[in-house]
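Asker: The domain 'Trimeric autotransporter adhesin YadA-like head' annotation in TrEMBL covers 11-34, 67-91, 228-254, 259-276, 367-393, 559-580, 701-727 (among others). Annotation comment: TrEMBL describes 162-205, 307-350, 629-668, 773-811 (among others) as domain 'Trimeric autotransporter adhesin YadA-like stalk'. What TrEMBL lists as region 'Disordered' is 692-721. Summarising the annotation, TrEMBL assigns compositional bias 'Low complexity' to 700-717. As annotated by TrEMBL, domain 'Trimeric autotransporter adhesin YadA-like C-terminal membrane anchor' applies to 839-899.
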């Protein structure tokens, strides 16, 4: 399945992975990681910032790189591989769109033609120049490899490079190998040897035919003869002239007119030697060896100078008079460049020893600790087995390592890596939690011996740890790639009956003992708690708390919050419904947005009761904006049970019947009432008592089939009933029972003093700001019945137990799967180690059969290999196979060309 993590990240095409803001991964197995990158094509990979990989199997790593075409690769910064199979590595390396399978390696390297190779910074390729033959001394020579298909360039026009460390090439008429300086030197030596192998002539040779000659010595010219007029002088070549004593002139028109001098090459001339005995550099006098030359060697003339190439490396010492070659000067220039322009003096070992050089005028390093090492100006290793490397580095604790300018370690076993890094925090075995966002993170450092902490920076100054290999053991650091894979598996992988899907990178945390935390950023801090949902929280004080739903919270012990943003804020409180808030102990907020307002009360005056009452809590079903109906209520049977409208209607019917009977009984005793009855004394006996102390008007039943009972009561709705002083039933079939009760909704019921029922088909037991509990509610048996608190607790417990059992089962299965995967990976690593251990021949034309074995974390592997080297030593081929203890087989083949 595709996996996309991050703002606007997209992954399409099947098993594509996109991690980071704005990344786009399109294609089967495509991967885009960073900010932002685009990977388009099967297996395409783009990692870093603003990279584009467009093509099957294309790869880009770094910043602003582009790889276009199948199998193209671009690594570095702003590099472009613009054609299929091309590779661009470095800063702004470019392979042109026409350079299929081209390679540009190095900063600014450019490959312009198919299969071209540009090696080194600034190298540029041009079209191949076929050279099939040439004519030397009137003889035509045909060359092998005269029709090249592509070019390898190691520089550019005006920025050429030497190619060093070249192996000896094969010398034959068909060879296309490069030759090195030693081969040319051998040729030169042979030419020199020839001068001594020519037999003495009894008479002088006065002429060699043009185009003819003797063995190993030929001439071809019609110009004027050479002349050697100086004592013991030699002149070779047309118009060559050796004028002075012991002078040598070789080449057409060469002139040696200084004693003991040599003019070598066409038109070369000698001039008087200039004695240079020494010089002063930066205030320091230097005396040169060979400061009094006796002659000169000239290979050109003013305005017609020549390079001297293939010069062997000369001895470099205070007494050496050897010529040095370009590589030696390059090494010196590189060192000088790295020193800058501020070097005034190199003291003591400033010239360095092999592979170790220093340059500073600061105070010396100090290694005062036993077995300690200090490297660098003012570096101090003052503790036993400590190491300080870098200017001003300080390792002052046993076994510490300070590496880098001004790096400092003051705790045993500590490591500070990089300029200015500080390791000063004592690491002691401990366990506990660390506050993180709305939750905490557990840690335990008591399970193994602590050797110290590694610091890569200091307070307010941090470093990235890059080029890190994937972790394979429990205590290994993990890479962003592994973290991305873990997040992707959490967001997209599911198991039967248990699924999760979220882009929230925060994991759940079960911190308290015997706790369960399920969902992104869900945190259970208290013991025996349960949290399920997105960002559900059970606080540290909420032992036994249950939070189910997004952003639900339980703040105190034994609280229950079920629903999005539900909050159980007090002990044993229950908030059931989205946004429900139970803010009083042992109280229940029932329904979306419901709140509790009064909580438990002791000694309160209840309407209609003469004795003071006590409650253990309340059930709130309304919100700050209004009240709710309670429907499907079973008929109450105990004094403290809630009653339904049916029971209330029956009670009213019985009351009416009783009243009608009483009136009928009176009818036989009252013969006639001529005028209105304006006053009835308050009843003091009998089954119906009335006290109209407030002198309110008589009841009014104006609605059809309506009934009103109680001073000031009004039943104006058809079939309505109003019972109680000032009770009002103004809607059809409305019932208002209690002092000041008001039922204005059709078919509504207002129960209790001052209760209001404004919505149709509703039952109200209070009013806004004056809600009531409904107590002694029987257990529900039908779908529309009200449930009591005991049923709610049992339901929550069942849900919790089932979730716990299922989660434990799935975690156990996951642990087993991870263990098997770990064994498989360990076996694979052992196989790779075994194959890497296979030796190979080193002599040209040799072959080797080899065996290798390896073990890694309890798994082992055996490898078998066959390798060979070509007769010319250029080609190396290997075939190898491996078998692991997990029964897996692996096969590898490789071929290489060396030059």
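Going from the start of the chain as shown, residues are counted 1 onward.
Cβ from N, Cα, C; glycine included.
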Asker: What are the DSSP helix/strand/coil residue counts across the region 'Disordered' (692-721)?
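Answerer: Computed counts for the region 'Disordered' (692-721) are 0 helix, 7 strand, 23 coil.
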Asker: So what's the average pLDDT for the domain 'Trimeric autotransporter adhesin YadA-like head' (559-580)?
Answerer: 93
Asker: Same chain only, please: residues at least 6 beyond the ends of the domain 'Trimeric autotransporter adhesin YadA-like head' (259-276) with a C-beta under 8 Å from a C-beta of the stretch. Say none if there are none.
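Answerer: Sequence-distant neighbours of the domain 'Trimeric autotransporter adhesin YadA-like head' (259-276): 230, 237, 240, 242, 244-253, 288, 291-301, 304, 306.
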Asker: Using a Cβ-Cβ cut-off of under 8 Å, list the residues of the same chain that are 6+ residues beyond the ends of the domain 'Trimeric autotransporter adhesin YadA-like head' (228-254) and lie near it.
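Answerer: Distal contacts: 221, 260-270, 295.
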Asker: When DSSP states are grouped into helix, strand and coil, how many residues of the domain 'Trimeric autotransporter adhesin YadA-like head' (367-393) land in each?
Answerer: 0 helix, 9 strand, 18 coil
Asker: Using DSSP, what's the helix, strand and coil tally for the domain 'Trimeric autotransporter adhesin YadA-like C-terminal membrane anchor' (839-899)?
Answerer: 0 helix, 40 strand, 21 coil
